[in-house]
Amino acid sequence: MASTTETLEFQAETRQLLQLVIHSIYSNKDIFLRELISNASDALDKLRLESLTNPDLDADTSDLHITLETDSDARTLTVRDNGIGMTRDDVVDLIGTIAKSGTAGLLAKIKEAKENKDTDTDAASLIGQFGVGFYSAFMVADKVTLHTRRAGTDQGTVWESDGEGTYTIADATDLPVGTTVTLHLKAEDSEDGLGDYLAAWKIRQIVKQYSDFIRWPIRMATQATGTGTEDDADSSIDTDGETAGTLETLNSMKALWARPRAEVSETEYHEFYRQISHDWQDPAQTIHMRAEGTFEYEALLFLPAHAPFDLFSRDTKRGVQLYVKRVFIMDDCDALMPNYLRFVKGVVDAHDLSLNVSREILQHDRQITAVRRRLVKKVLGAIKNLQTTNTDTYLKVWEQFGRVIKEGLIEDRDNTDALLELVSAASTHDPEKTTTLREYVSRMKDGQNTIYYLTGENRAMVENSPHMEALTAKGYEVLILTDPVDEVWTDQVPAFDGHRFQSIAKGQVDLDDTDTDTEDSEEAKANKARQKQDFAALLAWLQTTLDEHVKQVRLSTRLTTSPACLVGDAHDLTPTLEKMYRAMGQDLPTVKRILELNPTHPLITGLREAHETNSDDPALAQTAELIHGAALLAEGGDLPDPARFTRLLADRLTKTL
Ligand SMILES: Nc1ncnc2c1ncn2[C@@H]1O[C@H](COP(=O)(O)OP(=O)(O)OP(=O)(O)O)[C@@H](O)[C@H]1O
């Protein structure tokens, strides 16, 4: 049968993944069948679609189905489909390599989790995010043989491997269109979670549990006596791709999304979710809707409970599949879900589209745009609903996906208000718990109409930043925003419910306006004017001395204990954002910042006196440099010349001894 047999090596990452699979990542080994059936079902979808859209394809689609067969003598289980099949090159590309980005990083994480003896589920849930697909066959089999022929071609291919380092691949003639995967089963071992996969009851049970909604018949061939010669597993394949014996259909094939909500149980929803997402856990929320009228469709969407490892990789796929009247059209339908909701999984079945519809057509279809708008509202509404009815789940969803949802504040201006209602952020109000913006507003002080926030790399850095001092001293709550996306949206969204967002590291923070009565404020004004006069000469001199680093030197109202801090103008890039843009390869001019001095700090008053006494003293310029450097360090910034700063500091300390 086979002509040129080649032995090829698995790509390094595939080998590692196979090792993890073989050495039991999953305690539940039964899912291998779900994975193989799901691949077979996809192959049937693809053939059906291709035959509908390509009249030249000569393929028989009159009875698309999946067949399962066992042979107890040979200890084999066979999963066969008469779907699209694969060419020899497809087999090498699709089965021998993993094309997903981020694989290497994920594998390293899994290995680490295993080595640290984290619970089995940690490693399993990591790999669950990845979806081992075809490779899961090696959990239950010590050898896997695959026969396949691509529709529209004559040449068949046989692939075989024991899941170690290599596989063989050969041409084959006389194969039916489609794919047959033959598992040479390991011995049953209940301790290791290996079931009796030769038993009809076991197969029936697994199919019912995991693959009941598959929309193609899954048939089980009852073993016919007399088939098979000795140990030849291929003998179960007839040239027409069918076997002798009787066939029993195991699945109900009901499209879950088309059934009335009241008739679907939570377990069924969850199983369906796991089937389409390959997720390990139940979803956090299910959204089932039907739209009637001029453009009819059904949608069944899920919010996952945890983020996939590649949520931020550039080629992350969106999770919504498009069907047209029960015919699968495409995965990852980006016209139906905006990028910032790329984690939502599910199915949309539109009744009035052409099967030939392309991504480009969908992008410009007004009705699809309207569907998308409605789906977005539904998803945002579902998260809002969790916030009020099931806070724990809302918080988990926000923790997993908040960083992505906040991208919507930049991308999706139509939903700014709804998105702001969902935002949850750390705040100085509580060291542990996050707050919604509405909760923040409810705690605002009398007369306060600004929402104060500070962005930065992590909570500790933000909390200890000198910018916080006066606000904390006067009892103002400040939001602590530490996701990179916060740097961007806060710059673009002006207000929440009429309350302006104000970075406490930008512009002037004038707390006196809201916090003191008029009499005090008159006195404060006079004080300020006097201070301004007293410091005028020092500020002018500092401005010249530090000109290379700062665009202005001025007195501060936001400091109580630190001598100085750096702030930006209202529309300046923050240092973190500047760093982010540079990391992305953008060439930006350096943004100079404003140095603010605390006029009551002894270091600053001392410097003023020293400057008054002898403005030519060279040590003064060094002190200025040290003050600027210390202000940079206090906010977690990078010194322009750390070696010089350390030398100046050491010299200065030496003099004090
Ligand atoms: N029965 C089959 N018929 C045709 N092609 C198949 C079949 N099984 C697998 N393939 C091809 O091999 C590819 C890799 O399969 P695999 O199960 O490893 O990953 P996947 O199904 O793409 O991903 P995942 O399982 O994570 O969804 C599939 O995308 C498909 O193109």
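Here the Cβ of each residue, glycine as well, is placed from N, Cα and C on the backbone.
Look at TrEMBL and you will find 1-359 tagged as region 'A'.
Summarising the annotation, TrEMBL assigns domain 'Histidine kinase/HSP90-like ATPase' to 28-189.
Residues annotated as ATP binding site in TrEMBL: Glu35, Asn39, Asp81, Met86, 100-102, 129-134, Thr179, Arg359. Taking the Cβ of Asp81 (ATP binding site) as reference, residues of its chain lying under 8 Å away and at least six apart in sequence are, in sequence order, Ala40, Ser41, Ala43, Leu44, Leu64, His65, Ile66, Thr67, Gly178, Thr179, Thr180, Trp216.
The annotation region 'C' is assigned in TrEMBL to 580-657.
The Cβ of Arg359 (ATP binding site) lies under 8 Å from the Cβ of Met330, Cys333, Asp334, Ala335, each of which sits 6+ residues away along the same chain. Across the region 'C' (580-657), DSSP assigns 48 helix, 5 strand, 25 coil. Predicted-model confidence for the region 'C' (580-657) is 91, expressed as mean pLDDT. There are 22 other Cβ atoms within 10 Å of the Cβ belonging to Glu35 (ATP binding site).
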